[in-house]
Amino acid sequence: MTLHCEQTSFTHLADRFGTPLYVYSKAALTEAFHAYTDAFDKLEPLVCYAVKANGNLSILKHFASLGSGFDIVSGGELVRVLAAGGDAGKTIFSGVGKSEAEIEFALNAGVLCFNVESLPELDRIQAVAGRLGKTAPVSLRINPDVDAKTHPYISTGLKSNKFGIAYADALDAYRYAAGLGRLKIVGIDCHIGSQLTDLSPLVEACERTLKLVDTLAAEGIVLEHIDLGGGVGIVYDDEEVPDLPSYAHAVAELMGGRKLKLVLEPGRSLVGNAGTLLTRVEFVKQGEEKNFVIVDAAMNDLMRPALYGAFHRIEAVESKDIAPFTADVVGPICETGDFLAKERVLACEAGDLLAVRSAGAYSSSMASNYNARNRAAEVLVDGSEVKLIRQRETIEQQLANETACL
Ligand code: LLP
């Protein structure tokens, strides 16, 4: 048996494009997007795909064609969205440290709003808008102080995190924003973390944010939208993840009859399980205590295992009649943290292809050139059609910005 992406065999893809190779299924991207729009259909949400999960232009273009908006965290991501034909008017600019140049660029492009995370940021946006003679649409990111129960590096909604404006300070922050003449207050925003496997913190954050919406309305600050931040977690292994219809139902109940537009910023759940990282086994090495399957992908291609101890399922692309053995799957990079998986049972030998699953999100977008490795190619599969959507980087491209001077 050979593993496929839609109607295309991984073996064929590896032969044609080489490895390591990120492979994305167009049908899976579409299905994941529609899972949100279907589940939330009564609320007619604006789904703003979080570009950081995977900013490949073809992926952005595909989501734009499905009607998606975008959640960006840098000027570079805005350039990507615009280059892919995305609508600035459906784009939300998040992040704690927007520079003046980024704010100016986004204001000129006409983004839907800035999700503002501090008072100094409000001042900065006011100043840039004043200089440009524009009014800036703003939404305040409130930290609801809810424990998302996820990995500490990707939990963002606690008091101890750098994100958002403290819940207790929210009202004053809105009053302050209302006094700045170049700002138009349009919304409220929260985001409590990523890879959420429990629905209750999401619902609690929504509830707490809506409470603020009502308090603000009583003060005459009437908001147009509520943005509930990122999406639900995905299945990497055997975790139970929140059911979108249940999430949508809970949000609809809480929203009641309020005239508020709903905005969502899912990233991982739109792309994560649409992607696979294909890698070839270089050697099988029997160490003193452990076996190692040494592959041609490494932590620079997929740093989630090294960074978060994340689990990615790994399967042999061709099933073979070899005795299975337990091994760590590691890359060629010179550090012990360079592993894709630990203690997996695999039946493979040198030259075989492995499929590293759930590699659509935070994989190619977090890739680096560590060890002077070229970043991998990416392909998009549509049935039996394949498009190369990112060429494999070359060493000349890596060296192009450097000079060997004394
Ligand atoms: N909105 C904001 C403001 C965010 O910070 C994030 C993710 C999202 C939306 C999208 O969240 P999602 O739907 O993907 O859960 N590199 C880590 C994930 C970092 C997520 C950061 N923020 C990983 O590989 O697990």
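Using N, Cα and C of the backbone, Cβ positions are placed for all residues, glycine too.
Residues annotated as active site, proton donor in TrEMBL: Cys334. What TrEMBL lists as pyridoxal 5'-phosphate binding site is Gly231, Glu265, Pro266, Gly267, Arg268, Tyr362. Feature annotation from TrEMBL assigns substrate binding site to Arg268, Arg304, Tyr308, Glu335, Tyr362. The feature domain 'Orn/DAP/Arg decarboxylase 2 C-terminal' is assigned by TrEMBL to 22-360. The annotation domain 'Orn/DAP/Arg decarboxylase 2 N-terminal' is assigned in TrEMBL to 28-271. Residues or ranges marked as N6-(pyridoxal phosphate)lysine by TrEMBL: Lys52.
Residue pair Glu265 (pyridoxal 5'-phosphate binding site) / Lys52 (N6-(pyridoxal phosphate)lysine) shows a Cα separation of 11 Å. When the recorded positions Lys52, Arg304, Tyr308, Cys334, Glu335 are screened for a C-alpha within 10 angstroms of the C-alpha of Arg268 (pyridoxal 5'-phosphate binding site), the residues that qualify, in sequence order, are Lys52. There are 29 other Cβ atoms within 10 Å of the Cβ belonging to Gly231 (pyridoxal 5'-phosphate binding site). Look at the binding-site residues Pro266, Gly267 and count other Cβ atoms within 10 Å of each Cβ; Gly267 has the fewest. As a whole number, the greatest separation of Cα atoms within the substrate-binding residue list Arg268, Arg304, Tyr308, Glu335, Tyr362 is 27 Å. Within the same chain, residues at least 6 positions away in sequence whose Cβ sits under 8 Å from that of the residue listed as 'active site, proton donor' are Asn371.
Working note on the recorded positions Lys52, Arg268, Arg304: by count of other C-beta atoms within 10 Å of each C-beta, Arg268 ranks first.
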